[in-house]
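What TrEMBL says about this one:
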BINDING   Arg190, Gly191, Gly192, Lys193, Thr307, Ser519, Arg580  CoA binding site
BINDING   Gly383, Glu384, Pro385, Asp407, Thr408, Trp409, Trp410, Gln411, Thr412, Asp496, Arg511, Arg522  ATP binding site
BINDING   Val533, His535, Val538  Mg(2+) binding site
DOMAIN    24-79  domain 'Acetyl-coenzyme A synthetase N-terminal'
DOMAIN    82-465  domain 'AMP-dependent synthetase/ligase'
DOMAIN    527-605  domain 'AMP-binding enzyme C-terminal'
MOD_RES   Lys605  N6-acetyllysine
Amino acid sequence: MADTYPVPAVWAEGARVDVGGRAALSAQAEADPTGFWLKQARRLDWIVPPTVADESSFEEADFDIRWFADGQLNVAANCIDRHLSDRGDAVALIWEPDDPAEEARRYTFRALHQEVNRFANVLKAEGVGKGDRVTIYLPMIPEAAFAVLACARIGAIHSVVFGGFSPDALAGRITDCDSRLVVTADEGRRGGKRIPLKANVDAAAERVPGLTRVIVVRATGAEVPMAERDRWYHELAADVSADCPAEPMAAEDPLFILYTSGSTGKPKGVLHTSGGYLLWASLTHEWCFDYRPGEVWWCAADIGWVTGHSYILYGPLANGATTLMFEGLPTWPDASRIWQVVDRHQVTTLFTAPTALRALMKEGDAFVTATDRSSLKLLGTVGEPINPEAWRWYHDVVGAGRCPIIDTWWQTETGGAMIAPMPGATALKPGSATLPLPGVAPALVDEKGTVLEGAAEGNLLITRSWPGQMRTVWGDQDRFFQTYFTTYRGSYFTGDGCRRDADGYYWITGRVDDVINVSGHRMGTAEVESALVLHPKVAEAAVVGMPHVVKGQGIYAYVTLNAGVAADDALRSELVQWVRREIGAIAAPDALQFAPGLPKTRSGKIMRRILRKIAEGDVSSLGDTSTLADPAVVDDLVANRVG
Ligand code: WT7
């Protein structure tokens with residue numbers, strides 16, 4: 001078939017898993033799940049090896065997600081200590097700073113061990129212990145890795161909050177998991193700009209009385225006011241030893257919370273635990289990317305998202321990889337930066353988001369072709385559907401036709417890749433994440449929940465648990481069950497639509513719920529709406545996704561103003577700024593239309609289908625509008641569409 005890329009010969013011969021190997025793994029996982037998973041689990045170092053594997057149930061009566069429950073391990077020891085004897089002097093972490101004129105930093109596993117132990121002792125000295133929540137609001141600096149792994153070492157639960165979130169969003173996340181300690185920096189840097197992280201924490205702290213300690217890493221050296229609760233990290237670190245025993249943890253002890261947007265206004269704290277999560281991060285990193293010792297692995301995500309957790313830190317480090325952490329932006333100082341970093345550090349595998357590729361693609365090929373890139377062997381993508389045009393550009397121009405494209409479908413909730421190619425085993429089709437990984441059981445269903453066989457399109461479910469599955473919504477097990485396990489009883493509902501072709505390949509079509517995927521990041525429409533209606537001039541707001549050439553989806557907001565308020569461009573930009581300040585830049589609407597009224601049914605329900613169509617510019621097929629309370633509002637919306 002013209003649009004199928006067979007496994008290249010070098011991969012067919014040399015990969016860890018070949019076509020037969022992938023099929024065999026999948027067959028073993030089906031035939032003897034317990035034997036299969038207990039065997040896979042042996043890739044980790046256990047203090048007490050597990051004797052049980054999956055004990056989960058998706059049924060309401062005995063609902064629980066539980067894996068390897070009698071095993072004990074320490075996640076940080078798996079990522080660091082166990083590599084010391086044979087690869088202690090190998091580089092674990094390469095840090096590439098924002099400014100290309102600055103020197104990169106390298107940490108061997110031995111150096112990482114010292115840094116993490118020191119950070120762990122600082123946290124301990126501040127009274128942090130097993131099960132306590134630590135909020136980490138740091139830029140992409142090595143200390144972010146140290147802080148995360150230090151929590152894992154002492155059994156504290158980290159909650160990393162992306163540095164682009166506002167003080168308000170940060171305060172909500174600190175409060176929700178009741179963390180008394182925040183780790184931050186004076187400032188962050190990205191693309192030559194400064195981000196006032198400490199000032200944001202100060203603003204958040206006013207809303208969180210329970211926040212008693214802020215540890216500040218000196219990153220840029222900016223002058224920041226230090227209050228009673230604030231301590232400099234370098235001062236605390238000077239007083240502690242670089243020796244800190246790793247806390248033995250039960251496999252099901254929590255490792256981290258990561259907040260993600262859903263279809264309600266309040267982000268949910270996705271909880272991952274220790275054994276199953278680490279196994280899934282490590283196993284999928286090996287299956288999908290075939291890492292070999294000495295290679296340089298680069299996941300160009302931010303540590304504030306799950307991709308950064310699983311594929312900058314936990315997966316690669318558990319596998320003894322050299323992982324690269326990049327502080328900067330793909331487009332700064334110019335659109336060549338990524339490829340220069342690839343050359344500078346001889347990167348073997350690059351893992352990034354389609355949105356970054358589209359942004360670079362439009363700058364032209366010269367930025368790419370001016371660089372060497374011969375170190376690359378594989379190219380990965382994650383976060384949103386990749387359009388075939390961007391896929392081909394990645395394959396043909398970036399990889400010069402040599403590197404398979406590993407398109408991984410997964411979610412914050414899944415912990416790691418679920419549907420993805422293995423380079424030695426899977427023929428590729430541009431735009432398809434290909435096949436479920438061994439042990440992953442997807443199903444497509446129609447609206448009624450009838451399972452669709454063969455080539456079909458429907459909603460994507462996962463019918464049984466896998467080790468990396470989230471365990472609960474922090475503090476709200478009922479919300480966990482209601483959100484994911486009640487739409488289709490007995491299965492996990494992903495929120496994604498999906499098509500399966502005649503070869504059994506999966507093609508994710510996007511979210512079918514009220515979640516927008518902006519530049520590979522999730523944003524709930526309800527969250528943006530709540531922010532808009534907080535503005536004193538706004539009466540009502542409705543937010544939908546719209547196609548966006550670089551971001552994949554953009555945010556389109558319809559706003560009804562209070563009586564007597566004049567709609568003008570100044571107010572429009574004020575409202576966009578308002579959302580940016582309330583939530584963060586990623587939530588800022590790309591288009592904002594003033595709407596005298598919204599299309600509602602007679603019972604008052606907003607008809608989002610119509611709003612989506614108008615936002616898409618598809619006004620010829622609005623469907624039946626006769627059930628609307630006031631059909632005339634649609635004409636106004638169509639006439640005043642923006643963009
Ligand atoms: C949503 C999850 C996966 C980590 C980063 C995003 C979409 C993710 C793909 C892909 C098509 C994808 C889905 C999913 N998505 N990867 N390869 N192809 N869509 O994690 O913020 O939890 O978002 O991202 O819609 O549900 P997230």
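The count begins at 1 with the first shown residue.
Each Cβ is built from the backbone N, Cα and C atoms, and glycine gets one as well.
Given the structure is predicted, the values throughout are model-derived calculations rather than measurements.
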TODO: Work through the binding-site residues one by one (Gly191, Gly192, Pro385) and point out the residue whose CB has the fewest other CB atoms within 10 angstroms.
DONE: Gly192
Open item on the list: Just to be sure I understand the contacts, which binding-site residues have a Cβ under 6 angstroms from any atom of ligand 1? Candidates are Gly192, Ser519, His535, Arg580.
Closed with: none
Open item on the list: For the domain 'AMP-binding enzyme C-terminal' (527-605), how many residues does DSSP put in helix, in strand and in coil?
Closed with: 24 helix, 28 strand, 27 coil
Open item on the list: Using a 10 Å cut-off on CB atoms, tell me which of the binding-site residues Val533, Val538 is the least crowded.
Closed with: Val533
Task: Summary of DSSP states over the domain 'Acetyl-coenzyme A synthetase N-terminal' (24-79), given as helix, strand and coil counts - done: 22 helix, 7 strand, 27 coil
TODO: Calculate the distance in Å between the alpha carbons (Cα) of Ser519 (CoA binding site) and Gly383 (ATP binding site), and round it to a whole number.
DONE: 8
- [ ] Report, in whole Å, the straight Cα-to-Cα distance of Thr307 (CoA binding site) from Trp410 (ATP binding site).
- [x] 10
Open item on the list: In whole Å, how far does the CA atom of Arg511 (ATP binding site) lie from that of His535 (Mg(2+) binding site)?
Closed with: 28
TODO: Could you say which of the recorded positions Lys193, Arg580, Lys605 has its Cβ with the most other Cβ atoms inside 10 Å?
DONE: Arg580
Task: Neighbourhood of Thr307 (CoA binding site) by C-beta distance under 8 A, where only residues 6 or more apart in the same chain count - done: Cys299, Ala301, Phe351, Val382, Gly383
TODO: Could you find out if DSSP has Lys193 (CoA binding site) as helix, strand or coil?
DONE: strand
Open item on the list: I'd like to confirm something. Which of the binding-site residues, Arg190, Pro385, Thr408, Val533, has a Cα closest to the Cα of the residue listed as 'N6-acetyllysine'?
Closed with: Val533
Open item on the list: Using a 10 Å radius around its CB, how many other CB atoms surround His535 (Mg(2+) binding site)?
Closed with: 18
TODO: Report the residues of the chain - excluding Val533, His535, Val538 - with C-beta within 8 Å of the mean position of the site's C-beta atoms, for the recorded Mg(2+) site, in sequence order.
DONE: Ala531, Leu532, Leu534, Pro536, Lys537, Ala539, Glu540, Ala541, Val559, Leu575, Trp578
